[in-house]
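Student: Next up is a structure, given as structure tokens.
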Ligand SMILES: C[S@@+](CC[C@H](N)C(=O)[O-])C[C@H]1O[C@@H](n2cnc3c(N)ncnc32)[C@H](O)[C@@H]1O
């Protein structure tokens with residue numbers, strides 16, 4: 001029998017029927033852009049079962065009602081957390097930060113020194129280690145960056161990870177992979193086994209909650225966008241829309257960095273020139 005045809009019994013006898021799975025998959029697609037094939041059914045079943053049991057929810061039908069009920073925002077964000085991973089790390093896919101140091105930041109720093117504006121966006125930033133890495137590279141090149149109009153924005157659809165990102169406190173082992181030249185001096189964390197990204201780096205990053213499948217609320221454009229290991233959750237039409245929205249949000253000559261298993265496609269591809277591994281330069285007309 002195919003996975004789609006199976007009924008997954010949960011510990012307490014709660015059944016995830018094909019119909020309930022389809023309803024959850026449709027909800028996740030509509031609200032978060034997540035594409036979930038029937039092969040995801042066992043995963044959805046096992047992850048949601050714990051939640052239903054904990055909250056004493058008897059059926060998936062009752063659960064689905066809650067997603068539109070009075071606590072909908074919290075229920076929706078918990079569902080998203082259960083369906084996606086927040087895996088991230090400092091200097092993940094390090095070649096992108098080498099390009100940032102060598103090619104992207106030097107002209108932007110020059111512009112900032114002449115009074116210009118510089119904006120970098122980490123879209124789908126999870127708990128914040130990606131935007132703090134950008135801040136660390138910037139700080140190494142321009143220790144007095146605070147004097148200039150340079151801002152880094154980190155956003156994610158999940159308010160829980162955005163809160164963690166704002167605090168900037170992580171287990172000590174998370175800091176171990178940081179290359180020597182960027183070793184951030186850590187502040188003491190609230191617990192002895194944690195460290196905190198120091199204030200001077202935290203000052204450089206602003207965080208916010210933002211769903212990438214909805215229209216972006218920004219007036220100005222970005223000089224570089226990092227959106228890595230996020231579009232992997234989207235189907236092709238959604239990916240193409242998001243690439244196009246990024247292309248329109250970039251300055252001419254702006255850079256887009258995407259995840260190692262993601263590829264540019266659709267209408268944006270004609271303007272986004274490959275200039276490195278999963279690295280694109282916006283070259284409109
Ligand atoms: C695997 S993490 C990637 C973190 C970081 N960019 C990196 O590569 O290390 C994927 C993140 O995408 C976020 N995400 C998923 N769907 C999203 C959406 N529709 N809009 C914004 N963020 C989304 C998730 O909440 C999660 O934090």
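Using the three backbone atoms N, Cα and C, a Cβ is placed for every residue, glycine included.
Sharing the record's features from TrEMBL:
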type	residues	note
DOMAIN	9-285	domain 'CheR-type methyltransferase'
BINDING	86, 88, 92, 130, 156, 211, 212, 228, 229	S-adenosyl-L-methionine binding site
Student: I want to verify one value. Collapsing DSSP to three states, which class is residue 156 (S-adenosyl-L-methionine binding site)?
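Tutor: It is in a strand.
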Student: I need the most crowded of these binding-site residues: 86, 229. Count other C-beta atoms within 10 angstroms of each C-beta and give me the top one.
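Tutor: Per the Cβ count, the most surrounded site is 229.
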Student: Could you tell me the mean pLDDT over the domain 'CheR-type methyltransferase' (9-285), as a whole number?
Tutor: 94
Student: Rounding to the nearest whole angstrom, report the longest C-alpha distance spanning 86, 88, 92, 130, 156, 211, 212, 228, 229, listed for S-adenosyl-L-methionine.
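Tutor: Between the outermost Cα atoms of 86, 88, 92, 130, 156, 211, 212, 228, 229, the distance is 22 Å.
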Student: Under a three-state reduction of DSSP output, how is residue 92 (S-adenosyl-L-methionine binding site) classified: helix, strand, or coil?
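Tutor: Its secondary structure by DSSP: coil.
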Student: Looking at the binding-site residues 92, 156, 212, which one has the fewest other Cβ atoms within 10 Å of its own Cβ?
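Tutor: Ranked by other Cβ atoms within 10 Å, the binding-site residues 92, 156, 212 bottom out at 92.
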